[in-house]
Structure formats: C-alpha cells, structure tokens
Amino acid sequence: MEVVIAPAAELARLAADAVEGLLRSNPETVLGLATGSSPLAVYDELATRHKEGLSFARSRAFMLDEYVGLPADHPERYRNVIEKEFASRVDLPAGAVQGPDGLADDLPAACAAYEASIQDAGGVDLQILGIGTDGHIAFNEPGSSLASRTRIKTLTRQTREDNARFFGGSVDDVPRHCLTQGLATIMSARHLVLLASGRAKAEAVHQLVEGPISAMWPATIMQLHPHATVLVDDAAASRLQLADYYRQTYADKPTWQGL
Ligand code: F6R
C-alpha cells in the first residue's frame, strides 16, 4: 500500500494523473466512481483535462453504491450526483456509467445483475474511493463481510449523520438503506485509489493503513490489495504512526514512477 501525504490539490492531480495515464494507454479503460466530497476535486481536474483534450469517449464507468428508494429525479440520488459532478462534464457516452438500481422492484436481482455487468466489462481498472468516518468504503459499514459482493446494506446512524449535510442537514431525510458493491467486488478492481481529507477521517485512515484487518474497519481489507494507493492531506494523516516514513518514501520516489 502506498501512502501519499500532500495538500488536497496535489492529491487530486495525482489521482487524475493515474486516470489519465490509463486512458492514454487504453482508451477503453473501465473506471470505478465514488460519490461524496472526497473525489470532487479529482472530477474537477479530469473535467479540466477533458477540455484540454483528454477523452473518455471509449471508456465506461461503474459506480460504487446507490441509495435505495430515492426518486429518479432526486438530486442526491448517486446516479444524478455522478452525472452532474463528472459524466456531464466529460465525453462519456450516454449509458457508459452504470450503477446499482436502487429503485428496482427486486433489489437482490438488481445486485446480482450489477455484479454480472462489472464482470462482463472485464472488471474495473481503477477504482476511486472515499472513506467514511466509521471506516466504510462504498457503503460497507462496520461488520460487513470481507468477502461481500453487491448487496443491500443498512446505513449506520453515523453515516446518515455524516451525509445529512447533503440533505439540508436533516438526518431523517437520509435513506436508511443502500445497494453497495461488496468488499470483494471492490478488491477485484486492479488499482484502488482512496482519497481522504480532514481530521474527522484521521482515525479511519490510521486503521485502514496501520490497523489489524477487521470487519470492524472494513477499509482495512485494502491492506490485502496488491495495488492500493491512499492519498491523504495532513489532517487525515494526523494519526498515522509511520507518517514520517510515508513522507520520506514519497519524497524519495523516482519522478518517473506514477501511482
Ligand atoms: C460514496 C461512498 C462512500 C464515501 C464516504 C466518504 O459513493 O462510497 O464510501 O466515499 O462516505 O464520503 P465523503 O467523501 O463525502 O466524506
């Protein structure tokens, strides 16, 4: 696992560099998209690079998760968030972004179909991730099976409180259920790039990088991934025991070597 501690703008550039490098070597790259605040600067950076000529026209993307039951036109429905924050700002073709269907009549069948779509696409090349204050990735809350696949989950009170800011501050308006890629689904992606900023994420980041692998901190499963990158600002890195070592390692990294 590579840990990079840097200002947020640099982290966004690094993540965008990794996406751009993949697209330039393989225009049919399959991206994995997260919602929430953490990836927004990366999407801004990619939108800028698109204006400068970077094309997504032959790529496709899979979302991590979706709320159950939000109306199709609800602005916080993750499909709509991704459309607004990313897809509409680049040249991804219509239908190139897929997500779990939180409005399906048969939710377990929708989850199975989603898993099959990811496999049919050949898997995700680069998965962008955020992390919850409780250590979730996607919506794999504490206690999630480390071998889980896309399924229905119940959001913790903590996550609903954290996300109330997107619902006018009202925790009661945050859905209680979601569909989420499982931890094993996420682990199948070929490169995981997680972004975290702010002191509220410091304990989760410490557990992710340095804690024992445990369903209590679901992100710790990333320690088993052969190509995982953790991009954190100073505040999110403030509880890392080996922060000096990660800083030194990154400072000594050959300039030609990407993430
Ligand atoms: C969203 C997702 C979540 C968020 C996490 C952090 O698709 O999968 O795991 O990444 O809740 O959210 P932010 O970035 O808003 O702090």
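Note: Cβ is positioned from N, Cα and C throughout, glycine not excepted.
ASP65 (active site, proton acceptor) falls within a strand segment according to DSSP. The feature active site, proton acceptor is assigned by TrEMBL to ASP65 (among others).
Spatially close to ASP134 (active site, for ring-opening step) yet at least six residues away along the chain are GLU141, PRO142, THR156, GLN158, THR159, ALA204, judged by Cβ distances under 8 angstroms. Taken residue by residue with DSSP, ASP134 (active site, for ring-opening step) is part of neither helix nor strand, so it is coil. The active site, for ring-opening step annotation in TrEMBL covers ASP134 (among others).
Here TrEMBL flags HIS136 (among others) as active site, proton acceptor. The Cβ of HIS136 (active site, proton acceptor) has PRO142, SER144, THR156, THR159, PRO218, ALA219 as same-chain neighbours under 8 Å, each 6 or more residues away in sequence.
Residues or ranges marked as active site, for ring-opening step in TrEMBL: GLU141 (among others). Under DSSP, GLU141 (active site, for ring-opening step) is assigned to coil, being neither helix nor strand in the three-state scheme. Packing around GLU141 (active site, for ring-opening step) is summarised by its Cβ count: 20 other Cβ atoms lie within 10 angstroms of its Cβ, all protein chains included.
The annotation domain 'Glucosamine/galactosamine-6-phosphate isomerase' is assigned in TrEMBL to 8-223.
Cβ neighbour count for SER144 (site 'Part of the allosteric site'): 22 (other Cβ atoms within 10 Å of its Cβ, all protein chains included). The site 'Part of the allosteric site' feature in TrEMBL is assigned to SER144 (among others).
Residues or ranges marked as site 'Part of the allosteric site' in TrEMBL: ARG151 (among others). Sequence-distant neighbours of ARG151 (site 'Part of the allosteric site') (same chain, 6+ residues apart, CB-CB distance under 8 A): PRO108, CYS111, LEU179, THR180, GLY182. Classification of ARG151 (site 'Part of the allosteric site') by DSSP places it within a strand.
Counting only same-chain residues at least 6 apart in sequence, those with a Cβ under 8 Å from the Cβ of LYS153 (site 'Part of the allosteric site') are PHE139, ASN140, GLU141, SER144, HIS177, CYS178, LEU179, THR180. Marked as site 'Part of the allosteric site' by TrEMBL: LYS153 (among others).
Residues or ranges marked as site 'Part of the allosteric site' by TrEMBL: THR154 (among others).
The two recorded residues, THR154 (site 'Part of the allosteric site') and ASP65 (active site, proton acceptor), have Cα atoms 12 Å apart. With a 10 A radius on its CB, ASP65 (active site, proton acceptor) counts 22 other CB atoms from all the protein chains. Taking the Cβ of THR154 (site 'Part of the allosteric site') as centre and 10 Å as the limit, one finds 13 other Cβ atoms among all the protein chains shown. For ligand 1, the recorded positions lying close by, meaning a CB under 6 A from one of its atoms, are ASP65; the full candidate list was ASP65, ASP134, GLU141, SER144, LYS153.
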